[in-house]
Each structure stands twice: as C-alpha cells, then as structure tokens.
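**Student:** Handing you this structure, nothing more for now.
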C-alpha cells in the first residue's frame, strides 16, 4: 500500500506539479511503440472481415464445413429436381449443373480451411497475443519508472534535510539509497526486455505481410480448381443444349434454325402452309384480315416450342396466316436477303416484261441455298393460293401487296411510313410477276409436306364438303371450322341434294336464297336451229352427293388459253353475270370435251347421254333483269301435272352451260368481248321443234312472259399455272386449236432453255396467270372463225323458238354478231338471258360456237326423270310469278 501510495503521489506531482518525469525509452523505441497500436488495429479488422467471408462454419473441419456450405445446398436441390425431369433438357441441365456445384462446394470448403489455418489464425495471434504482450511490458516499465522516480525524490528530500538534523538521518538516507538503486535496476531490466520485443516485432513485419500474399495465392488456387471444374462441365452442358432441337424459331436466323433442326424448310413456314392448305385456301381475305392477338401469340408460342398439337388452329386460318407473316417479318435478315436488296429494287423498275422476268430469274439464282429453297416453297404455295382468287379474293397483286414487305426490306429502315413508301412499290413489282410465273421460275414440283410430319386428318362422314375442279386444296380434306365456307358449302350440298341441285356458294359468298335467285338471269332465250343429226356428248349420270366431285375431276384440268372467252356486262346491264351451280349434269372429262371442241366434229354418244341434260346460260349472258328483282323467297312448290307437249321454243334441253368458267372479273377494266366462230349446223327448219326441248316444261305460263329458266353453270375453274398442251383423242379429227397452241407453246418454251440464259415466257394471257384480270385486248378483234369457244363447257342443242306476245319492255341495243348467210335477218339481234323476246317473227340467236350438236328425237322418251328434276328447279325459280 505504501508503494502504491508513493506511485500515485509521484504521478500527481508529475502531472500537476513540477516534478521531473524520467523517460527511459529512446526515440526509435517510442516510434515502434506508436506503430504497434496501428498494426494491432489493422490485424484485428482484417481478421474480422476474413472470417465474415467464410461461407462455412468457422472453426470446423473440412467435411462438416462442406455440408454447411450454401453451394452444397444448391447442388442437392438441383440434383433432386433433375430426378423429376429425367427425359427433358432441363432435367439434364439440372443434373450436370448440380454435380458441378457440388464440386465447387468441395473446393470452396478446402479453400476456407486453408485460409483459416494459414492466414486468419496468424493475424489473430498478432492482433490479440503478440502486440498486447509488448504493450503490457510497456505499462510495466511505466510503473517501474514511477517507483524509481518516487524513491529518488524521497532520497533527495532526505539528503537536503540532513544538514539541519544530521544525527538522526544517516540510517534513513542509506535505506532510500538502496531502494533507489533497486528501482533503477528494475527499470533497466524492463526497458531492455521491452526494447528486445519491439525490435523483434519490427523484424517480423515482413512475415506478417506474407500472410496476405498467401491469401491471394490460396484464392488463385481455389479459382483455378473451380475453373477446371467449370471447363469440364460446360462442354457437356453445351452438348446437351445443342442436341436439343426445341428452340424458338421466331427471331432466329434462318440458317441457324435449319441447321439446328435439321430441316430443309423452316418449321413455321411449313406448318403454316400445311395448315392453310387444309383449311385456308377458300378463306376470303387470307393474309389480309388480321387475327386475334391472343390467338396469334398462342400459335407463335406453339411453333416456337415445336409442338405438333396444332389441331385447334385449323378453325382459324387467319391466325395461321398472321403467324406466317410474323415469322417472315421477325427474321433478322429478310428471306430475299439484304445483299440483293439493290438488285431487287433495280429489277422492279424495268419496264420491258421479258427483260424483267430474265433479271428476276437471275436474281433468284443468287439467293443463298437455304433462302432459295424456302423462297421457292413459299412462292409455290402463294401461286397455288392465287389459283382460287375467285373465292379468296387474293390475286397475285393482293398477295404481293400484303406479303411483299415481309419478304424484303432495307437494311437501315426509317419510320414505318418511309419504309412503306420506299419499299412496298418495289416489292410488289418484284413479287407479283414471280407469283404469276411461279412455274417458270421454279419448274420443278414442290412437295409441301417436306418433313412428312403433317398428316391430314380424316373428315367426319357428316361433313360433305366438295371442291371445284382446280381448287387448291382438292388433294386434302376439308376440316370443319367455324366461320368457314367449308361447313356452309357442305350444308348446302346436303340440303339441296334431294333435288339433284347443287349451289356453288363460292360464286357469291354471302348470298342466301333471295340473292341466289337475283344473281341468275330471269329468262333463257331460245337458240337458233341446228342440225338434228348430232348428239349431245355426255356421260353416265353421277349420284347426287358426288355430282360436284365428279364435275371437279372432269373440269379441273381444262387448260385455259388465249381463246377462252370471258363475257362482260351487256351495254344495258349494270351488273356482271353471276355463275350458278349445275344441276345433276357433270362436266365431261377434259380429254373428251377438249377433243370434240378442237376438232369441230360431232362424236356420237350412247343413249344414256340423254340423262345429262341441264339448263345453261348463254355465253354472253347479262346480269339480272328487272323481273328477277320482284321474286320472293318461297319454299319449293310441288310439281304440278305436266302438259303433254311444252312450247316448241322452250329451251329445256340445253346442255351444260357455255358460260366461261372464269369467275367474274375483279379488275376495274371491263372484260373484252371475243366473237365465237359461226355454227356448223344451221339446216333445221324453224318450224321443227328440237327433240330435247320436249323433256321439260314450266309449271305455268303467262300470256306475255316466257317461261323462267334457272341457268346453271359448271363450278368456276381457276386457271392453272402450268398449262399443258391440248391433246385430242385418237378418234377425233380436225386440226388443233389455232389460237390456244401459240399461247401454250409460249408458256412451255422457257422450260427448255439453259438455266443461265433463261428466255422469259411470252407474256401469257392475264386470265391465265391472274383469274381476276380480263382477257388480253389483242383477242377482242381477232378472226371470229379462228376464235376458240370455251374449253370447259358442253355443246347443247338449239331448239326452235316459239312466237311470243310482245312485252312492254323493249330489248336493249345489241352488238352485231357473226351469222351464216341464211341468218342475215338476225344480225342486229344480240342474245340475252335477261330480256324478253319481243318480236313474234324473230329468233334470238346466241354467240355462235364451233360445235352445236343436237340430240336425236328418239331420246326424248327416255329422259322422263331428267324432265322431272328440271321441272322442280323451274318451279322453284318461278314461284313469285
């Protein structure tokens, strides 16, 4: 207690008073002392932060630490998930990645154990052991110095007071002297020990810095091992990724998609084309009418994942067409490539048609192989779609307008308006002729089901769908679909099949019963007399349900040539003629029909041909007359008793319609008129009635109106792209058609030219390449004797007209026709199907044809069923009157 009291007293004197304070450390040792505090603080914080970096539990062995790592938990989760997705790409990826994460966790645990042992623990020893020991010695030295100063101060005080009281102080002074010497020795010992420890610490500073070098080396080694694990795992995962073909197709370069999937045609293109071939070829406004956004998004997602379950999209062809447009537009590079953009635009401005086709052919050959194959596939489909433009209204021009901007665009696009203004015109000028001449650009046949992955489903037996002869989907089966014409057509066939009467709904898509009557001419004019020695060529009568199908097969391949006539409206009518379905008569086979027309001879047929009678419309039949507008829709009345002999002028025995099989022209230009060759048989006297005219009779007669006839036409036949030459049968005689052959040879010529120097086809008739355009103007003024009649119709007899009372409606002005010398009185009278014959002494003639055979009179007694069927039709059409 006395020593402690002396220390406090001495410390107070040194702090407050003026007592001398002894400093035993040198300047170097004082500097080392100040650094110790800084080093201790640094080591303490470094240790604390390193421990925080550990992901495992601090202070445990490597195995236990590995189990506690977050990476280990992640690896276990991935491996467990991979067992639930064994056969999928995701399952394989999870399994491989889980193994890699487990290896990384093992490397990490070993790394942390090493860092903890080699770095963290030594830093902890520096901060918490070595430096504190030195600091303790420094404090001990400070206490010894205080003791030494206190003893020395007391000794000095005793030595001063010894002069006044010398006898009693010698013993006390000696004691203080000894105590002071002892304290000084202790100070020196402590000072030496402290200095040694400080110098040792400074000597070890290089070793302490090596800890951090070891830390970085340990981290580098850990990362190298981890990188080795990753480099070993990544190729395996990439292999799984490359082997898995189900990757998005939209927005992927065409070459990459084809290489990855191993396909020749891009999946979205082939899938959409196959779907449209099944259900979309008769959809009006295909590629032009937008689809629902949700439906389109769903279809694109289904195509992206390469799913084969696309049955639900059969009912919405507009969504399929929208997906095809979207795929073409989302390609990083257009199908017609950026590199050829300048060449395409330059070719578009060429005025000469032949040179333009040659340049287009050369540019097509420059396309990359993958682009060329897919472009050819798409163009072939679009050409097939354009063949049914009479139904879907998608002519080559319309298709080019809608799809062109999705096939070619500039590399650096501006705004949408600028792109549309700069590109659309050029693209349309390029795409339209390629579609029109698709068979010349790509003469080889294209199998649309390239991958053989699309199998058409069987049609239910209740869906009696039917096709016209040249329909684009005649080789596929119709599917039931809402808002589609296929179901409506099938229903109409079922409803009217009992009367052996088919209605071609394609001629007027939105026409009901009233419209169907309005689009047909009200009256059928009698025909000029013909020789009675000829027979109507006909075949066996088909069953009611298959009448359209047989007529399709019979007239589907009739070649359309330059001699085909396309009748326009008469001067007095404001509406174009509308085609109407045939009755039970089927169009004969093309070989027989064409050979008879081309040869100009009459081919006798069997007596069963008398059952092939049907009512037809004149070749230049005009639109509906005012009388038809007064008709009302009524149910068919039962057939009344028939009179024994109908009027001689009744044209009930006419054969199939001679109307052009082309649909009404959609072009703003009026169709041209082409005169027919004069008839070959005009020797029958006017007073002799035609034998076939006795086979049918109207239900009632009027004193001023002629019996109403319901004209019937064969189904409209869209022209084919590649027209074969017309071949005559061996028994047919006469030269081939002089007008059709040049046109056809002009189309066949390019197929024999060398590929590098193509010769463009002589410009074919517009009606051949585009059904919506009128016939070429050059045929309008051609020689009437060489003009070819319609190649897809049956010749029909000409009954003798019967004088009728004069009605109140005057006939319209008629263009002059070509007649024989014996019919010079009829040159100013034009045929009409919607006007009433006004002169009781005159006969209304029809545009003359090369062959107008007439049936034998003995066949009249064999066609009672045909008369009944035709009477039912007449009764239906004349109910309002």
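Every residue number used here counts from 1 along the chain in the order it is shown.
A Cβ is built for glycine as well, from the same backbone N, Cα and C atoms used for every other residue.
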**Student:** Looking at 459-482, 483-506, which one is region 'Disordered' according to Swiss-Prot?
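**Tutor:** Comparing 459-482, 483-506 with Swiss-Prot, region 'Disordered' matches 459-482.
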**Student:** Per Swiss-Prot, which of 753-766, 767-780, 781-794 is motif 'SH3-binding'?
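**Tutor:** Going through 753-766, 767-780, 781-794 one by one, Swiss-Prot gives motif 'SH3-binding' for 753-766.
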**Student:** Can you tell me which of these residues Swiss-Prot lists as phosphothreonine: 60, 513, 682?
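**Tutor:** Checking Swiss-Prot against 60, 513, 682, the phosphothreonine entry points to 682.
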**Student:** Inside 10 Å of the Cβ of residue 288 (site 'Arginine finger'), count up the other Cβ atoms and send me the figure.
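**Tutor:** There are 17 of them.
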**Student:** What is the average pLDDT across the domain 'Rho-GAP' (252-442)?
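**Tutor:** Mean pLDDT for the domain 'Rho-GAP' (252-442): 86.
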